[in-house]
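Read the structure below first, then the notes.
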Amino acid sequence: MSCNYAEGLSEYENKGVLGVPEIFDSSEDVDKKCAELSELIKNSRHCVFHTGAGISTSAGIPDFRGPKGVWTLEKKGEKPSINISFNDAVPTKTHMALKHLVDKAIVRYIITQNIDGLHLKSGVPRQNLAELHGNMFIEQCNVCGSQFVRNEATTTVGQKLIGGACKRRIARGRSCRGKLRDTILDWEANLPEDDLEMSDYHSSVADLNICLGSTLQIMPSGNLPLRCKKYGGKVVIINLQPTKQDKKADLIIHTYVDVAIEKIMKKLCLEIPEYSKSLDPTKFEGENNKVIIPWNIQGEVLKEIKDLYDIYCKDFKKKKNKINHTDDEKKS
């Protein structure tokens with residue numbers, strides 16, 4: 001449960017702006033803006049989604065800074081009335097829609113701050129997903145860094161040892177002998193290097209960064225959607241509260257994320273698939289219920305997006321410099 005996750009973190013004073021009232025666009029404005037966003041997605045060459053706690057509230061997992069969020073209520077000495085366990089939570093319509101958009105290559109990458117594992121459960125492949133703050137269903141070796149999918153959510157947070165040995169086999173079939181720990185970051189812990197690097201490259205290469213269900217207060221995650229702006233990209237925000245980046249957004253939609261995504265999928269003439277246990281790696285079973293599913297970002301995947309960044313972003317800068325140089329010549 002997100003409450004238990006929150007209680008497991010260290011004491012921390014600066015949890016951001018809490019409990020800001022929600023804003024709702026009129027139904028006419030929502031329809032108009034969702035139609036506009038659908039066209040942006042259709043015409044995008046590299047669309048990236050950035051997801052926060054707001055996409056999981058319809059799964060029964062509370063957000064953190066909303067009017068009824070975990071941190072907001074904590075400040076009042078209260079707890080959320082609805083709080084499903086991470087094990088029982090299943091992906092929402094938004095999670096399943098994003099998975100379908102990734103499968104169709106309409107969306108190139110998903111960057112999430114969420115630790116609930118719902119993108120993993122929806123079936124999004126690792127090469128299309130960055131988990132910046134960890135995942136309750138991923139364990140990692142403290143020696144070789146190998147990551148593996150868990151069948152149940154970890155009971156610890158803060159990258160603590162959880163018991164069990166690394167499953168990776170090295171020379172002559174010998175095990176690594178490292179110990180497994182959870183991947184959930186505590187306050188001010190360093191973000192996972194490969195996930196952050198992938199996020200930085202994809203956010204920069206994107207011509208369309210779409211933010212869902214986040215106030216974008218936590219850094220560096222909150223700044224990533226803006227990476228595309230210096231390369232001519234656009235930023236769209238769908239959230240019920242004002243965000244830290246509203247002034248720099250090209251389009252803002254104030255409505256429930258599921259509502260917006262349903263309208264957008266309809267405009268794209270795409271169905272939202274149902275959640276299926278057969279596609280959920282946390283439900284895979286083998287002999288003695290033990291299936292080893294690696295979850296590391298592969299080196300070739302990182303190299304591919306880095307090469308794309310080098311080609312596109314450096315080329316963009318050259319063209320921009322050339323245009324500026326031509327303009328200077330005309331003025332002189």
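Just so it is clear, glycine is given a Cβ too, placed from its N, Cα and C backbone atoms.
Taken from TrEMBL as is:
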DOMAIN    27-271  domain 'Deacetylase sirtuin-type'
ACT_SITE  His133  active site, proton acceptor
BINDING   Cys141, Cys144, Cys166, Cys176  Zn(2+) binding site
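Feature map: TrEMBL annotations on the structure.
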{"residue": "His133", "record": "active site, proton acceptor", "Cβ within 10 Å": "18"}
{"residue": "Cys141", "record": "Zn(2+) binding site", "Cβ within 10 Å": "22"}
{"residue": "Cys144", "record": "Zn(2+) binding site", "Cβ within 10 Å": "14"}
{"residue": "Cys166", "record": "Zn(2+) binding site", "Cβ within 10 Å": "21"}
{"residue": "Cys176", "record": "Zn(2+) binding site", "Cβ within 10 Å": "17"}
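Between Cys141 (Zn(2+) binding site) and His133 (active site, proton acceptor), the C-alpha separation comes to 17 Å.
Take the mean position of the Cβ atoms of Cys141, Cys144, Cys166, Cys176, the recorded Zn(2+) site; other residues of that chain with a Cβ within 8 Å of it are Asn142, Val143, Gly145, Ser146, Ala165, Lys167, Arg168, Ser175, Arg177, Gly178. When the Cα atoms are compared, Cys144 (Zn(2+) binding site) and His133 (active site, proton acceptor) turn out to be 20 Å apart.
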